[in-house]
């Protein structure tokens, strides 16, 4: 199925949509093979969504996909739920955890913990919606396919979603280029121009991105998640055992006009906390949790997509525990005056800072690599769908794959130099992209699926469940719209303020050290 190219199959023949091949009003349900979810509950495909999807493509279930790949030298549907869990762990257990102490310093400890749990549970709920939608449509390969399906097969939606999808992934790559330069500057004391360190990190990440399947990347993901856990654990321990945080009682210690001295811990937000700083703190937390953009891509490479919730629940439980404990401990010992984003810079002992930050190296490389791979396969599959280059080792295939990756890393390098503020870059990505991929899309998906299952009167047919589900998902859509509007405004204003105040760095493409 080549979405965005209406009704065109890999053999270049065009088919008219037959609505009866997708669903019937009463009782024709669909999964990979038997028109029925293997877990037992029947589900209807969302009717009339493709605007030209062929019956051949709509019936391409998981089993048939595995059969078609059997003779290929490169196989894509190879991930177990354990390997998918490793990919999710590497995506969520990441450097952005170390922005939580900053968020807690703005929101206050109690509201910060509440926001952490609420966002985590909303992401769990919407991720299950994504999974259910992918079970109904095993032909889905990525979130762009989902976007076009949700909005009635409109081609422009596919292109709009594709643009956001690629920009989101490239911004995340840029974040890791920026943080890689931070790490190299921290360890070397600014021995090389920051632009040079950024370029070195981008080149290193490019070569690490070359593997073409998630099965291969899942092995690296396990190491990435493990070392990240060690890194944040050490940061929390070091913050607790060192005498004082960085900047304690020094002339330049503290920030935002606050007194130096013992760390100030706020249970609730400080009086006068503004909308811009509060919104940025919320967006920093949201960014770390919201990762539904990759879920359709991960499910598309699972041997048994029905097992995805096992991976999702395991990751969510670990997220809540690790994020809450680490952020709370580091914040309590570094206070509102001394915390930085990422929080490694809050450690006063130089050895402690370098040791804990160094354990973050695998995730600094791998998470950018993961998103680069997701972007590259999105473009690569659409160039070579139905050709031997997709599933076999060919010079043309590998050269194109490398070329796509090179383009994404060059763009990431530019982004890292233009927006060199860690917390603001997190917030900008969250407001622009997570608003859609974290909330708006999945509230819409819930309503489309329930209407497909129960018909136009699905609200009344389901009683209180239908009404409560509708209200909950309308709230999710409204949260997404608020993040998109208010969040983008707050982030842009924060970036302007930082440049105006000369904070962190002198400007874009600077040689000034951005080390912690």
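Cβ coordinates come from backbone N, Cα and C, glycine included.
What you are looking at is a predicted structure, and each value in this text was computed from that prediction instead of being measured.
According to TrEMBL:
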COMPBIAS  13-40  compositional bias 'Basic and acidic residues'
DOMAIN    78-491  domain 'Amino acid transporter transmembrane'
REGION    1-42  region 'Disordered'
TRANSMEM  85-104  transmembrane segment
TRANSMEM  110-134  transmembrane segment
TRANSMEM  146-167  transmembrane segment
TRANSMEM  187-208  transmembrane segment
TRANSMEM  220-241  transmembrane segment
TRANSMEM  264-290  transmembrane segment
TRANSMEM  311-334  transmembrane segment
TRANSMEM  354-374  transmembrane segment
TRANSMEM  395-419  transmembrane segment
TRANSMEM  425-446  transmembrane segment
TRANSMEM  467-490  transmembrane segment
Contact between the transmembrane segment (187-208) and the transmembrane segment (395-419) is defined here as three or more C-beta pairs under 8 Å separated by at least 6 residues; is that satisfied?
yes
Contact ranking winner - 187-208, 264-290, 467-490 against the transmembrane segment (425-446), Cβ under 8 Å:
467-490
Listed stretch, out of 85-104, 187-208, 220-241, 311-334, 467-490, that has the most CB pairs under 8 angstroms to the transmembrane segment (354-374):
220-241
Where among 187-208, 220-241, 467-490 do we find the most Cβ pairs under 8 Å to the transmembrane segment (264-290)?
467-490
In the same chain, which residue numbers or ranges, 6 or more beyond the ends of the transmembrane segment (311-334), come under 8 angstroms Cβ to Cβ?
81-82, 84-85, 88-89, 92-93, 97-98, 100-101, 103-105, 109, 112-113, 116-117, 120-121, 123-124, 127-128, 131, 229, 232-233, 235-236, 239-240, 242, 245, 263, 265, 288-289, 343, 346
Dominant neighbour of the transmembrane segment (467-490) in 85-104, 110-134, 187-208, 220-241, by Cβ pairs under 8 Å:
110-134
Do we see three or more Cβ pairs under 8 Å linking the transmembrane segment (220-241) and the transmembrane segment (85-104), pairs being at least 6 apart in sequence?
yes
